[in-house]
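**Student:** Pasting a structure below so you can have a look.
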């Protein structure tokens, strides 16, 4: 439940910040009449992401066992790529993003009689990107942790992000977004490492990967996945009490370079947003 909550909170907050920046700029430049056009783009993006998620989730249940394992492995790999890109993209986000959004709004509103649709599409693509990232991650997370709690966590995370987005827009709160994105990014790298190990396990069960399947270690006597804490660790980080050598290797092969890259200072001119 916690991982879907955190991911949807983060992704939802990113989308909320984009919408908030656009809405604030429209209001500041006395073009508030375009607000309804902006919300059309937001709703279209939300409908696309929701529809795609439901379609994929419903159709995969009809796959034979091996094909389903293969699909789960592919989704996990896509989720790892998306999460990693999301973490390092955010590190490169600077205050120029606000300027770029404002320039994009100006450009969209200056395209003659069709400026309304131009703004709709601009907002649509900006929000849909965040939503599509969430779709693939949630598909991987729901496969790793079944039951009602992961979807509930995702909905709570999204609802929290929406509330925070409105409060930020109205000026009711100020958040240290730099610290928020920094610590959630670090957490997400560990989640992605667990997904990477889970992808190898899924590919093995699909019959595609049969190398290094010896048990690396057995922690069942110390931290069983049948215990409360073990279940939480499995749901959050993909913990396995008796992982194979290939799962452990993939976990380290992904995580160590990712942590090193994350610890390095961002390139000059690319500083993360501090607050809003």
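Keep in mind that glycine also has a Cβ here, set from the backbone N, Cα and C atoms.
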**Student:** Checking Swiss-Prot: are residue 59 and residue 117 on the same side of the membrane?
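**Tutor:** Going by Swiss-Prot, residue 59 and residue 117 are on opposing faces of the membrane.
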**Student:** State, in range form, which of 2-22, 148-168, 180-200, 245-265 has the highest count of Cβ pairs under 8 Å to the transmembrane segment (119-139).
**Tutor:** 2-22
**Student:** So if I exclude everything within five residues of the ends of the transmembrane segment (36-56), which remaining residues of that chain have a CB under 8 angstroms from its CBs? That is, six or more out.
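**Tutor:** Distal contacts: 19, 22-23, 26, 116, 119-128, 131-132, 134-135, 138-139.
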